[in-house]
């Protein structure tokens with residue numbers, strides 16, 4: 001025999017010796033020693049540990065060690081009174097840090113039902129299998145341990161394992177490999193025998209007793225040649241056999257006779273272990289999923305393993321059923337010459353599968369109690385079970401079942417292949433027979449069946465000569481339907497989908513006749529279509545559970561069919577369906593709801609919401625304040641600095657390039673802002689060279705028009721000759737700011753931040769799922785900033801200002817005193833435009849406008865027609881007393897305007913310091929006589945959450 005020649009050697013005395021098995025080396029992720037200190041042990045256990053260590057030392061299983069590795073060791077006492085030594089290898093077993101796992105070689109127990117019936121058996125157990133398999137020499141030091149001394153009165157004794165230590169991560173895999181190698185010659189020589197090997201337990205079956213004896217004799221020799229030993233006291237040769245926890249008879253397989261202790265079931269961990277054990281033997285017991293629903297329900301709730309659980313009366317009955325099945329259940333050993341069949345039963349909750357041979361039960365098959373999808377159609381469950389059990393049969397015997405029996409007619413099977421993707425997958429490549437005739441036997445009669453396999457009430461096509469009803473729901477809790485009659489239902493739900501679900505349930509209850517239902521909620525439509533035959537997944541949301549269960553009960557109680565379909569809401573499509581859906585929408589919608597929806601989509605600011613919808617300032621502020629993204633991203637702003645602005649649209653643009661890394665290749669965002677209207681346009685580019693700038697400007701021209709002047713920084717893309725030539729072709733003048741000074745581009749720099757903030761809001765808190773590309777995201781942000789948002793000191797959007805040239809400032813066109821810092825004199829001028837702490841002043845005819853801080857302005861107190869340029873007296877600052885007297889004479893509010901200039905100037909001063917809180921004040925006194933300006937302080941933030949018209953408290957809420 002070649003295998004014997006390979007293993008045996010002849011010594012010089014002529015005696016055959018056994019060559020020791022070659023060890024399998026382990027793979028380590030680190031060579032850094034792992035040392036876990038040994039904990040103290042009681043004297044009794046310490047003495048037992050010394051005895052066990054000496055015993056292992058004599059057998060050659062351990063050796064003295066000076067290894068830098070250490071794992072704790074301890075002993076436990078068996079029922080027989082003997083002690084057992086164990087090593088705590090948890091630190092060494094750390095998969096992600098220390099040892100490389102080998103992976104399982106037998107992922108699951110073998111099925112004992114596949115042992116041919118009436119064949120004689122013999123079962124053996126290998127003695128101390130781990131201790132007969134050596135470790136690789138380089139791996140021994142990793143499994144060192146220490147035996148401590150009491151009171152440290154002497155040095156501790158240290159050893160290391162030379163054989164597979166129990167508890168090591170890869171010990172079972174190595175053991176299976178060694179035993180598998182030893183059995184391979186036996187399998188090759190006795191290929192007609194049925195041999196099962198699991199870890200160190202071996203079962204042999206043969207058609208005759210003589211062949212079994214021959215096989216066993218050869219197996220003994222091969223095992224001995226491999227250095228393994230058979231435990232003589234554990235050899236089984238007669239029935240009943242006990243193997244892998246089961247009892248084996250000549251034709252039957254029975255589960256172990258156990259009793260479930262209910263007094264120990266107190267925590268989630270206790271019930272988890274119990275149900276794990278029951279699931280392990282369910283293929284033998286045949287307990288359908290519906291018969292364990294209450295036990296599975298106990299696992300719901302708190303995921304803490306120590307959380308308290310209580311055995312309900314219903315669950316107690318189910319445990320009693322399990323105990324009865326344990327006492328009576330059995331499966332059959334197969335006939336190796338006959339084929340297997342699969343039966344699918346339409347049981348309650350979910351279908352049940354049974355593998356049979358003729359009329360003999362081989363194994364039960366079940367689906368999990370919990371599903372992944374909220375609704376799983378019963379037909380889809382059947383298809384999943386068929387696919388799952390087909391794979392199981394192939395795993396058991398290597399072949400597909402010969403026949404599959406299902407509770408469907410031939411026509412229903414044909415329709416299932418046409419309409420159900422799950423059915424097509426479950427029966428893919430099946431070449432056997434699909435039948436609906438079940439074998440006549442009593443073993444299946446206890447199963448509780450369901451009739452809800454295929455829809456009976458729900459239709460997939462519109463019904464003729466039936467009523468048409470439109471439904472709608474709103475997040476304000478209103479549900480409604482319209483059709484032959486209208487009805488509005490006030491619900492407790494703050495979800496539009498749940499309100500719509502209530503509307504559909506109400507329609508199904510109110511109309512006891514065939515109906516067609518049209519809803520604008522795709523979610524509700526799909527749920528209603530599937531619910532009739534679906535298994536509803538349990539949800540922690542009790543309200544949702546109640547709604548879905550009520551919907552299913554309502555559908556199943558109906559006597560007349562219905563059809564439900566989806567229609568898109570808020571479209572401009574013509575036709576009666578759109579109009580009828582709008583009518584249903586009007587029953588539940590309001591301006592507030594629409595404002596909330598727009599903000600969720602675009603994150604428009606308060607003033608923009610107030611301008612677009614008929615809502616109050618408080619309602620608009622509440623919408624923005626309840627938006628998580630707008631609160632997180634609403635950062636304090638700083639004044640933009642001294643930057644001359646255009647006096648009309650397209651007079652002066654500022655342009656810059658910013659970066660958005662999430663856009664990938666298109667991360668270069670070219671931004672242009674009109675300094676008069678604040679209209680913004682931006683494009684995504686792959687760079688910032690001159691060609692990219694030109695491409696961006698052409699896009700700006702198409703949207704904004706052509707400017708007179710553009711201001712940029714000193715970047716190479718803006719200073720190139722090609723760019724200057726491009727501007728000259730379009731008759732555009734070009735200026736640049738001071739190099740390395742971002743304040744020269746303060747307006748566009750502020751715009752960059754505003755644009756990025758809007759992008760983040762829409763990405764992390766937006767409801768739009770269609771903006772997938774960078775340019776689409778950018779366009780949505782630009783739409784919000786230009787056409788929806790209204791900024792402080794404005795009454796119109798930037799787009800309206802840019803297209804119409806409409807002015808916002810109430811001070812424009814008024815005569816003022818302005819201070820000339822060069823001459824230190826006060827001059828008379830006229831305000832051209834006003835904003836952000838600065839004003840553009842016209843000194844006189846044929847003179848260029850001047851930009852000055854508003855703190856250098858005072859309103860002129862004489863009639864406009866009498867205004868003349870000052871002489872010596874005019875170089876003095878106008879006195880407030882004059883203003884007061886003129887105020888009293890004319891009855892106007894110019895004094896207020898003067899205070900406004902001082903307040904805004906003061907805010908502008910603060911804006912230039914580190915202590916500036918980015919809030920400027922503007923007084924807008926409503927009637928003469930008010931002396932408390934703080935009551936009318938307005939916020940200066942461009943995207944003020946209070947719309948710039950709130951009380952003084954706005955300052956803290958916006959900051």
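Glycine is treated like the rest: Cβ placed from N, Cα and C.
Residues 86-89, 93, 130-131, 133-135, 143, 174-175 of the same chain lie 6+ residues outside the motif 'LPQG' (164-167) yet bring a C-beta within less than 8 angstroms of a C-beta in it. Sequence annotations record features per position, and here Swiss-Prot assigns motif 'LPQG' to 164-167.
The Mg(2+) 2 binding site feature in Swiss-Prot is assigned to 472, 585.
Taken from Swiss-Prot, the feature domain 'Integrase catalytic' applies to 645-806, supported by sequence analysis.
Feature annotation from Swiss-Prot assigns DNA-binding region to 814-862; the stated evidence is sequence analysis.
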Within the DNA-binding region (814-862) only, compute the mean pLDDT.
77
Let's check the environment of residue 472 (Mg(2+) 2 binding site): how many other CB atoms sit within 10 Å of its CB?
28
On the three-state reduction of DSSP, what should I expect for residue 472 (Mg(2+) 2 binding site)?
strand
